[in-house]
Structure formats: C-alpha cells, structure tokens
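Below is one structure; the comments refer to it alone.
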C-alpha cells in the first residue's frame, strides 16, 4: 500500500512533535538553577560524590556558606546536612532537590528509613566535610576520588586551611584492653587517624558498614572504627579553603563548643567501650570508673565477670583502682606491723609479670590472724564498716570470716585480706571457699617472706613462690595462663 503525500507529511509532523516533547522532558529533568552558579558544569554521568556535613554546632556555624561553596562549583552537587534533631536556629539551606537535611534521631511520625543516613546518599563516594571548610578550587572532590581509586588506602583526606589543620597520627585500638593509643605516624602521609580539620573521602558502602558511621565527634568515631579494621587514610597534598566568615568567632561560642565537644567525646568513648586514651608524650585520658562512681562491671557470677564473655579483659580504670587500693592497703599493713603476703591470683600475676592478672577483678592478701589487733582499721572493721580519711572502706566480708577493703563507698573494687594462723606448722584459716587454690600450706613458705614487684610497688610474697603456686594451682600454672573458671569460659577457647 503506497502512502499519499498528505499521509507522509502527517507522519513526519507526528515524529517531529514526539522528538520535541522528548527534548523538553529531558530538559525538565536537568538540575534547576543551572543559571551560571559556578564555573563548572556537571559531568555527563552526574556527580560521583555526596558532600555530607555532620560536624557543626547548631548555635553557631557556617554551614550555609559551606553548602553554597560546593554548589558554586557544581549546581548539581548532592549535599546532605545531618543532625540528630532539627537544628535551631534553622539553617538557611537552598531549597533545591540535591540539598537535603537528614534528621538521625528516630521520631514517631517518620519512617525508620528517614533516620538512616544511607537513605540520603545515592553516590559511590561520600565526602565528610567539617564546618568551617569551603570549596574554592574546582575539581577537588574529583581529584580526591582519583587518588582513592589509584591508591591502597580506604580513605583519603585533604586538610582545611583553618587554625587547626589535620595532622597524621598512628592509632592502635585494643577492644580487649578498652584502650586507644595515639602516636606519631611512622609512614606519613599514610595514617591511621587524623587530628584536626580535614575533608575525608571514602566509599559510601565503607562508611555505612561501620557500626556508628556518623557518631560525633566524627573525627574521633570514624578513625577509631577504621583503625580497628586496619583501614589507612592517605593525607593528600590538597587543601580546602577556610570559611570567609568562620564559625565560633566569639570567645563565648568557642567556650560553649569546647564544653559540649568534651562531653560529646566522653559519651562517645564510653559508648564504644574505650576507657583509656593514651597520647604521644605519655598523656592519659580516663573515661571509666573512679572513686565517685560504681565500678565498670556488676556482680561476678561463677568467678567469671561479664566482660570476659565479651572477649574483653578488666577495664584499665578498674585495674588502676585495684593497684591504688593494693598499694594503700599494703602501706597501712606495713606501718601497723601486720605480716602479709600476696595470695592466690595476685601472687600468680606477680610471678608472671609483676602486676595484676589482666582479667582479674580483685586483689588477695594473706595476713597473720594474730596481727589483726595491730591495725586500727582492722580492729574497727571487726565492729562494722569503717571509712578512713582517704575514702577507703574497711569491713568484714559478708561471705565469711575475712576482711575486705573497698576502693570507696560507691566503687566496690577491693582487696581481700585472708587471716591465717599456724597449727602444727601448717597455715590454716576458719573460712574456706570453693576454690582450688583455697587450701592449707606449710608455714615454711612464710619464713621468711620475700619482696616481689607487684602492681607498681614491692610487696611481700612467700619464699619459693613457684612451689607455693603449684601447690595451690597445679604444675606449670605460671607458664599456662587460664581464666578463673575454665568450665564456664576457657582462655584458649574464647577467641
């Protein structure tokens, strides 16, 4: 069938109209405001990086300037500003589809996905940009992407030209010891962590596979998690500009931000199970228990504290309290003329490495029963609990006829004092517990007592303490460490 000229013209007109409609529709789906906001145009494939702004103070910030600086470089740049709750005063953010505010705290009237930051990120890469940074040079994010792809590090970073630019650090995180240790980076600019202001870029899948991807302070939480996984960060020879109107410009604003930042950091470290931070130069920061708080663990069942089931050892703050209590108690006993010696697991720790066993939760000392009357605190404890001038609590233990010295009224980390007396050349006592090492022994192990380093001081110990320990625990006990109740949890089987 042949087409007439009229039919051919009609078909051509319909085809042309369809092409025009398709083109108009395509234009409508392009980013608005391609009104010469900046010198660069979006690549044909679209942006590969989402700018994520998390670290800022709601009461004083330069977030609008930060966001605008990235949009100047690329009007289609995806930007997510993340906050726990709606910032107040409100942020003056542009009302365009590629700039979004993510509220991370769950709310009754919002779906679960709304509080998950990954909901807002559709790009392969994420750039964590701190408040006070500004994008002035074109192509910085793309250069960071290329550096990440070309190198072996899982993160790359570019310092921000503020008063506190990023510096490279080594970081070792030991969950078992509840400790983070910072030091000089031996292979800078390849680092374990950064201290200071930097834009950090990584793959979105890596960021959102972390257990707390946007916990604040972002720098602290991010690098604790990445260093634990062995992910390096490469500090690049690129620099982001500082804000033209920097945040926290007044002394009051800086004071408020520092105060809230310290509280936020302490809460984060406690939540992540870090009780001690060690810095280069020997400075220590403690985030665990003290005399005014309770200890870090609850009642011990079956001689196996809860932290052992978590594949952790005694928190360092608890070990510090035990060392302090042991040193103090030994000083009181020596001043009063009470003969004492390291007992049980405490003697075992001293024999192994001169300290408390890393998973132990108390200190044991034996004393001569006949010397109890020499010590004012022990005499007082016979009648009831005594709090001395240093805040230590001396009391008779409820479990039996022995004494206990607690770190404080709040914190019940303690030293147990076991009164022994000689009978026919054998040391015995009136209270026995269901422990293998709780047995009688010949008095000749105490004649004489010998000095032995323990927990930062020198304590008295039985002579021939190896034989003494093997009598109580069995052969090879010094060389073969084991948890206190292997039937419940074995050191070799705990992972």
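Yeah, the Cβs are placed from backbone N, Cα and C, and that goes for glycine too.
As the structure is a computational prediction, the values presented were derived from the model and not from experiment.
Among the candidates 345, 474, the one that Swiss-Prot lists alongside 352, 359, 360, 361, 362, 363, 364, 437, 438, 480, 481, 482 as binding CDP-L-ribitol is 345.
Range 7-29 is the one annotated as transmembrane segment, of 7-29, 30-52 (source: Swiss-Prot). Residues 275, 288, 290, 293, 295, 297, 315, 316, 320, 321, 411, 413 surround the recorded Zn(2+) site, their Cβ atoms falling within 8 Å of the Cβ centroid of 289, 296, 317, 318, which are themselves excluded. Every protein chain considered, the tally of other Cβ atoms within 10 Å of the Cβ of residue 363 (CDP-L-ribitol binding site) stands at 28. When pLDDT values are averaged over the topological domain 'Cytoplasmic' (1-6), the model yields 55.
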